[in-house]
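Here is what TrEMBL says about this protein:
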{"type": "DOMAIN", "residues": "26-218", "note": "domain 'Glucosamine/galactosamine-6-phosphate isomerase'"}
{"type": "ACT_SITE", "residues": "Asp62", "note": "active site, proton acceptor"}
{"type": "ACT_SITE", "residues": "Asn128", "note": "active site, for ring-opening step"}
{"type": "ACT_SITE", "residues": "His130", "note": "active site, proton acceptor"}
{"type": "ACT_SITE", "residues": "Glu135", "note": "active site, for ring-opening step"}
Amino acid sequence: MKIIEVRDQMEGGKIAFALLKDKLAEGAEVLGLATGSSPIAFYQEIINSDLDLSALISVNLDEYVGLDPENDQSYHYFMQKHLFDAKPFKMSYLPDGQASDLEASAKAYDQILEEHPIDLQILGIGRNGHIGFNEPGSSFEAKTQIVDLQPSTIEANARFFDNIDEVPKKAISMGIASIMTAKSIVLFAYGKSKAEAIAGLISGPITEDLPASVLQKHPDVTIIADEAALSLYKAL
Ligand code: GLP
């Protein structure tokens, strides 16, 4: 696991952008994308560049259950706004959180992932160590699944909604097993609220209680984090 300490998200975005260019030069065709505030500077770097993504495929990690893609809190909307409007891909897939049969929608997403193996997966991390929306306790063997969001995740994400009651309680997320199939992974973490999860990810036991700890088993992971997010790890 490679750990890169950066001053801020801007620097983190630039470093990840350089890594993306290397992967594209090596022939990467499928990007696994994430939402949340942490990857925004990276997407901005892409937007500011002359990179053409129109021959690439993107697959996103997760989506809330029940939100219309036009809803400005949906992850469909987030990706349009922060990347796809400016840099369209040949095809962009996100899980369908509005399907009447969610289990069938999860299976369909697994099929998409099988057809498009991920070359580079971008991740953020939840305060409780979740990746995608795979909350503590999620099986490492899981593929795309419907998840109940934990109260701490609902609370953390409430800042984007008018009030906490509007935050969906369920999501559809690529599973840990799907994430682990990516050839390379870059995880962004910024701020003190991520310090405990980052310490566990890097040097804690590999346990389903801290989903991100599974990344210790992956051969090509780069953690891009600021000093605050690395503070507890460095104090160990
Ligand atoms: C949500 C997303 C995750 C993301 C996490 C952290 O829970 N489902 O994919 O990593 O938020 O978000 P942020 O980067 O805003 O801290």
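Glycine is treated like the rest: Cβ placed from N, Cα and C.
Remember, TrEMBL labels are computer predictions, not curated facts.
Taking the C-alpha positions, the distance from Glu135 (active site, for ring-opening step) to Asp62 (active site, proton acceptor) comes to 12 Å. Taking a C-beta cut-off of under 8 angstroms and a sequence separation of 6 or more, Asp62 (active site, proton acceptor) has the following same-chain neighbours: Thr35, Tyr75, Pro95, Gly132, Phe133, Ala171, Ile172, Ser173, Met174. Each residue in the domain 'Glucosamine/galactosamine-6-phosphate isomerase' (26-218) has a pLDDT score, and their mean in this model is 97. Candidate active-site residues: Asp62, Asn128, Glu135. Those with a Cβ under 6 Å from ligand 1, in sequence order, are Asp62.
Using a 10 Å Cβ-Cβ cutoff, His130 (active site, proton acceptor) registers 27 neighbours.
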